[in-house]
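**Q** Please see the structure below; I have some questions.
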Ligand SMILES: [Mg+2]
Ligand SMILES: [Zn+2]
C-alpha cells in the first residue's frame, strides 16, 4: 500500500531519462534504457504507484519522423520497461503554441486525468528544465536528474535534483519532491 505521503502517480520524461536519447528516433531497435532506469520504474510499481510517460516529439511536426514511428518506439519502450499506465506525446513544434509541449502543463494534466489522480499528487521526473517547468505549471512536483545535456542554470533552478533515477524515485516515493 502506498503511504499517505506517496505520490498518486510518477510521470517520466522519455529521452535521456528512461531511454538513451537518439534524436528524432523512429527505430524501435535503437531503444536502450538509461542505466538503472528499468529498476527505478519497477520500484515505483512495487510501491503500488501508477507510472506514465510525458514526451515532447517535435520530430513529428518537423517532418523528420511519423507519429506511427513514434508509437512504434514507444511500444518498444513498453516492452523493455513493462507497460506504462499512460502515455502522453506532444507532436508539435516550439512555434506551434500548443498546450502540451513541455514546459506547458498539458501532458501532465492529461496524464493525471487519464489516471484519475490529483495533479498536485503527481511527481514528474526528467532531465531538463522543461520537464520541471511542465510539472510546476500543472501544480505537480518534479525531480530533475541531470545528464550532460542539462544546462547549469536548469540544475540551479530546480527545487529537487537527484544524481540518478534510483535516487529520484526514492525521493518521489518518500514524498520529498518539490
Ligand atoms: Mg529528456
Ligand atoms: Zn503539443
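The backbone N, Cα and C atoms fix where each Cβ goes, glycine too.
Any TrEMBL annotation is an automated prediction that lacks curation.
What TrEMBL lists as active site, proton donor is 13, 15. The Mg(2+) binding site feature in TrEMBL is assigned to 13, 15, 127. The feature Zn(2+) binding site is assigned by TrEMBL to 90, 92, 98, 100. The site 'Stabilizes the phosphoryl group' annotation in TrEMBL covers 55, 102. Positions annotated as site 'Contributes to substrate recognition' by TrEMBL: 101.
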**Q** Which has the fewest other CB atoms in a 10 Å radius around its CB: 98, 100, the listed binding-site residues?
**A** 98
**Q** Report the recorded positions (55, 100, 127) that meet this criterion: Cβ distance to the nearest atom of ligand 2 under 6 Å. Use sequence order and write none if nothing qualifies.
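**A** Among 55, 100, 127, near ligand 2: 100.
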**Q** Please tell me which one of the recorded positions listed here (13, 15, 55, 127) sits closest to residue 98 (Zn(2+) binding site), measuring Cα to Cα?
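**A** Comparing Cα positions, the closest of these recorded positions turns out to be 55.
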**Q** Relative to ligand 1, which of the recorded positions 90, 98, 102, 127 have a Cβ found under 6 Å from one of its atoms?
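**A** Among 90, 98, 102, 127, near ligand 1: 127.
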**Q** Roughly how many angstrom lie between the C-alpha atoms of residue 102 (site 'Stabilizes the phosphoryl group') and residue 90 (Zn(2+) binding site)?
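**A** Rounded to the nearest whole number, the Cα-Cα distance is 8 Å.
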**Q** For residue 100 (Zn(2+) binding site), just give me the three-state DSSP call.
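**A** Looking at the DSSP assignment, residue 100 (Zn(2+) binding site) belongs to neither helix nor strand, so coil.
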**Q** By a simple count, how many Cβ atoms lie within 10 Å of the Cβ of residue 15 (active site, proton donor), its own Cβ left out?
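**A** So the Cβ neighbour count for residue 15 (active site, proton donor) comes to 22.
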**Q** Which is it, of 92, 102: the one of these recorded positions whose Cβ has the most other Cβ atoms within 10 Å?
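**A** In terms of Cβ crowding, the pick is 102.
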